[in-house]
Amino acid sequence: MAVLHTKAVTVILSVTVLLGLLYLSQYYRIYLSFEEKWKTVEAGSAIETTKFSQPGIDLHLVSPEHLKYNQPSIVHGRADVVTVTPWLAPVVWEGTFNSFLLDSIYKRKNITIAATVFAVGKYIMFLKDFLQTSEEHFFVGFRVDFYVFTDRPNEVPKVNMAAGRKLTVRSVPSSNRWQEISARRMEIIQNLIEEKLQNRADYIFCLDVDSKFHGRWGAESLGELVAVIHPGYYRDDRSKFPYERRPASNAYVAPGEGDFYYCGGAFGGLMQEVHLLAKTCRKNFEDDTKKGIEAAWQEESHLNRYMWINKPSKVLSPEYLWQDFKPKNPEVQIIRFSGVIKNYANIRPN
């Protein structure tokens with residue numbers, strides 16, 4: 001009886017081992033198959049994204065050893081403003097970051113920041129102040145490449161730029177409608193990234209020329225996709241935001257939807273993220289045009305629709321694009337970048 005029992009146990013163990021080996025064999029074949037498919041997918045992705053791959057970008061935040069700075073706190077800080085969005089993106093205000101620490105981290109990365117600005121028609125008059133103040137406040141100590149798009153290249157002012165900073169002028173056609181100038185921006189930004197900026201810059205910011213820098217704009221603003229809160233609506237209920245409200249438009253945001261109202265005059269991020277934004281907004285704008293629709297605020301409407309769906313990874317407070325005609329609210333401790341006072345009737349073609 002004991003012998004029979006021993007044989008039965010042996011048979012059971014043998015079958016178990018056999019099944020285990022079969023399972024492992026099958027698992028290994030599946031793993032190899034998955035690995036091959038993954039390599040194929042990776043290869044396909046690389047083909048699709050070669051133009052916008054950024055091998056030089058290291059997202060690790062490595063501080064220099066023995067760097068001395070004030071101890072951070074999670075119980076003391078700004079209590080008068082919100083500093084994080086519901087999707088956990090930081091909202092950058094004065095007093096929420098250590099500029100010395102951030103510069104120490106990012107300057108070691110040897111990054112290049114591109115900045116685009118459009119000075120078409122009479123808007124060329126704002127370019128000198130924009131460039132001069134950018135030298136004082138915009139990513140000081142970093143490598144910065146400015147790209148100016150204008151129909152008046154001979155009127156671009158001469159501005160002394162620090163080492164590692166340069167200005168490139170690109171000609172664009174003029175227009176009889178300011179709305180068309182505004183609408184072309186996304187197409188031009190998309191083309192610039194595809195034709196010029198691959199492997200030449202790490203981050204890009206797209207800024208309005210009729211504005212001046214008044215304070216630091218630096219590494220605290222870097223992120224994958226960066227939006228700036230519009231100064232005119234940040235205290236309002238979203239029912240008052242000037243979103244595009246026609247359902248037929250690709251920029252449509254329905255009542256009760258949306259997060260914040262973002263500026264079309266300042267946005268940025270990693271090159272591939274801004275490329276995707278510009279490419280998508282351009283396509284949506286062109287699709288609207290085929291339907292005879294022009295969104296309420298042109299590219300700004302399409303940008304707001306895009307960033308409602310594709311949440312920005314960092315949100316800059318209204319410090320980063322104020323309006324000179326507005327008195328400074330108590331929570332705005334510093335104005336870093338601001339639209340100048342102007343008479344639109346004198347500078348816009350229509």
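Residue numbers in this text run from 1 along the chain shown.
Cβ coordinates are placed from backbone N, Cα and C, and glycine is handled just like the others.
Per TrEMBL, the features are:
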TRANSMEM  6-24  transmembrane segment
BINDING   Phe118, Ala119, Val120, Tyr123, Asp208, Val209, Asp210  UDP-N-acetyl-alpha-D-galactosamine binding site
BINDING   Asp208, Asp210  Mn(2+) binding site
ACT_SITE  Glu300  active site, nucleophile
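When the neighbouring Cβ atoms lying within 10 Å are counted for each of the binding-site residues (Phe118, Tyr123), the highest count belongs to Phe118. The two recorded residues, Asp208 (UDP-N-acetyl-alpha-D-galactosamine binding site) and the residue listed as 'active site, nucleophile', show a Cα separation of 12 Å. Neighbouring residues of the recorded UDP-N-acetyl-alpha-D-galactosamine site, listed in sequence order and excluding Phe118, Ala119, Val120, Tyr123, Asp208, Val209, Asp210, comprise Val117, Ile124, Phe126, Leu127 (Cβ within 8 Å of the Cβ centroid). A C-beta separation below 8 Å, combined with a sequence spacing of at least six in one chain, links Val120 (UDP-N-acetyl-alpha-D-galactosamine binding site) to Phe149, Thr150, Asp151, Arg152, Val172, Ser174, Ser175, Ile181. Farthest C-alpha pair in the UDP-N-acetyl-alpha-D-galactosamine-binding residues Phe118, Ala119, Val120, Tyr123, Asp208, Val209, Asp210: 11 Å apart. Taking each of the recorded positions Asp208, Asp210, Glu300 in turn and counting other Cβ atoms within 10 Å of its Cβ gives the largest count for Glu300. Around the Cβ of Val209 (UDP-N-acetyl-alpha-D-galactosamine binding site), the same chain contributes Val117, Phe118, Ala119, Tyr123, Phe126, Leu127, Phe130, each under 8 angstroms and 6 or more positions distant in sequence.
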